[in-house]
Amino acid sequence: MSRLLLGAALALLPLGAAAQERVLAIGGSVTEIVYMLGEQGRLVGRDSTSTFPAEVEALPDVGYMRALSPEGVLSVSPELILMESGAGPAETLDTLAGAGVATVTVPDDYSPAGVLAKVRSVAGAMGVPDKGEALAADLDAQMQAALAKVAAEDGPPPRVLFILGNSGGRLMGAGTDTAAAAMIELAGGTSAIDSFEGYTALTDEAIAVAAPDVILAMERGEGASSHGDDEYLTHPALAQTPAALGGHVVRMPGTFLLGFGPRTPDAIAALHAALYPDAP
Amino acid sequence: MTAIPFTPAIRAPRLAVPAVTTGLALLLAAMACLSLSIGASGLLPWELFTRELNPAERAILLDIRLPRLILGMLVGAALAVSGALMQGLFRNPLADPGLVGVGAGAGLGAVIAIVLGGVMPAAVQAVTGMYMVSLFAFFGGWATTLILYRVASLRGHTSIATMLLAGIVLGALAGAATGVLIYLADDNQLRDLTFWGLGSLAGANWVKVWAAAPVLIAGLAAAPFLARGLNAMALGEAVARHLGVPVEAVKRGAILAVAAMTGASVAVSGGIGFVGIVVPHILRLAIGPDHRTLLPAAALFGATLLIGADTFSRVVVAPAELPIGIIMALIGAPVFLWILLARRATMEI
């Protein structure tokens with residue numbers, strides 16, 4: 001109740017121009033961009049995939065982005081909802097449109113240009129295009145610096161196998177047209193699997209044929225320790241691959257590595273450094 | 001149906017039927033008011049009359065909570081009555097609507113829409129729009145039931161035992177087809193599938209109410225006409241036939257009513273289990289197994305239970321929402337286990 005009254009009071013304040021003041025961010029990369037724009041004061045809520053920076057977790061969580069409930073979303077009284085593509089379900093979006101809330105779907109593309117487009121889209125929707133241009137230029141410079149270092153490498157690119165998860169020894173690997181494959185290419189590696197699209201359970205033989213030089217995986221939670229790598233190093237199919245023989249397992253936080261948001265330049269640099277440990 | 005001067009020899013009710021039915025009606029009314037009043041936004045229904053609401057607030061009350069309440073009541077009543085009909089038809093306390101293949105068929109329909117929706121012909125996509133999953137689930141459930149019915153019917157006689165076995169076989173087949181599609185599904189589709197299977201009324205809107213209500217209400221309205229026949233069939237089909245009960249018509253009516261109600265329920269709310277088992281069982285303990293009183297009571301209690309669970313589902317982790325199927329199973333499974341434990345000495349399954 002008090003939240004509604006507060007919302008009504010805030011809406012009456014003569015803040016800025018026509019820009020909507022109460023913004024709900026759906027999708028981890030969108031939330032990160034709002035923070036990078038310095039507009040986090042306007043955030044009134046987030047979805048469960050928005051976990052970075054840590055302070056965002058203090059905001060109300062309206063649930064998983066693909067299973068939003070209309071009243072949950074409206075309960076934070078948003079004036080503008082910024083959504084990563086894939087947010088839904090369609091019935092909820094339909095109801096929200098009927099309730100008169102402005103919604104903007106932010107385009108998603110696994111490329112450096114896609115990140116800049118996201119930034120411009122979020123900044124434009126929030127009425128701060130100038131800040132958006134500044135951030136985009138900044139990120140572009142970082143991106144170019146990271147990519148320049150990658151381009152300076154010679155020699156064959158390492159074959160990288162991204163493993164999404166391990167359920168009882170069955171590994172889920174990344175094929176083409178995934179955020180993981182895009183990041184691997186950007187960081188100067190080559191995706192070890194190119195025979196299928198998306199994430200699929202790998203057969204042991206396919207892993208042996210792929211012969212990855214490096215295994216890339218997400219970090220498990222806060223207490224991830226090195227002994228977790230044993231599950232890959234001792235996996236029967238992986239054990240004989242160059243990656244396992246050399247002990248090359250790289251772990252990174254999922255939203256950092258695959259988010260395609262403002263931290264992507266850092267992620268490219270970090271992954272590049274991990275793939276080429278001997279580089280200066 | 002000719003008038004049958006027959007009342008099955010059933011155990012005396014433990015509680016007065018009118019009292020229980022009235023109590024359930026009052027409970028339903030109270031729960032409906034509660035459901036309209038509770039939500040993540042903290043908005044109260046009478047604010048509609050006491051102050052000027054902004055469009056978002058009007059939408060919360062009139063386009064979110066109200067259709068959701070109506071849909072929840074109808075789905076809860078339909079699932080509970082379907083369960084009671086199935087248990088009467090199969091003369092088995094463990095029977096539930098899943099036995100006529102609706103669940104597996106509807107699940108397959110939903111999976112087809114979720115995984116293959118993007119590659120369907122444009123005409124199909126244009127006609128079904130965002131309701132593709134619901135429509136496919138409904139028709140998947142119906143198609144399975146019709147196939148089962150044809151398999152189990154020979155020369156005008158429907159064998160319940162054949163239907164049970166064929167239902168298991170068709171369920172396995174639908175499960176395998178679902179498995180193939182799950183294998184093909186991408187990450188996002190898998191998440192959609194998982195959430196669909198957990199059930200939710202969060203997608204309720206007026207379109208769904210207008211689409212599902214006629215089917216659900218028709219099924220609920222048909223149920224009382226089957227009550228007397230089901231009572232007689234509790235003594236066995238042969239005895240019922242000698243008593244003048246049109247056994248085949250009762251079977252056909254019950255199967256079609258269950259298929260329609262369950263199909264429509266699953267289409268609008270995904271997978272919500274246990275209502276169909278827990279509600280009739282509790283009521284049989286309270287007022288006895290006479291279908292003439294059991295069916296209306298099951299409708300009232302099922303509606304109350306479902307909107308109660310739905311209300312809980314949207315406040316427990318507000319402003320997010322817990323899928324209602326989780327809550328129903330969390331309540332339903334222990335209650336069902338308790339019934340089994342308490343009655344295992346006297347109950348023959």
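A Cβ is built for glycine as well, from the same backbone N, Cα and C atoms used for every other residue.
Taken straight from TrEMBL:
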type: TRANSMEM; residues: B:24-49; note: transmembrane segment
type: TRANSMEM; residues: B:69-90; note: transmembrane segment
type: TRANSMEM; residues: B:102-124; note: transmembrane segment
type: TRANSMEM; residues: B:131-152; note: transmembrane segment
type: TRANSMEM; residues: B:164-185; note: transmembrane segment
type: TRANSMEM; residues: B:206-227; note: transmembrane segment
type: TRANSMEM; residues: B:254-282; note: transmembrane segment
type: TRANSMEM; residues: B:322-341; note: transmembrane segment
Which stretch, B:24-49, B:102-124, B:164-185, tops the Cβ pairs under 8 Å count with the transmembrane segment (B:254-282)?
B:102-124
May I ask which of the stretches B:24-49, B:69-90, B:131-152, B:164-185 has the most CB pairs under 8 A with the transmembrane segment (B:206-227)?
B:69-90
Using a Cβ distance cut-off of under 8 Å, indicate which of B:69-90, B:131-152, B:164-185 has the most pairs with the transmembrane segment (B:24-49).
B:69-90
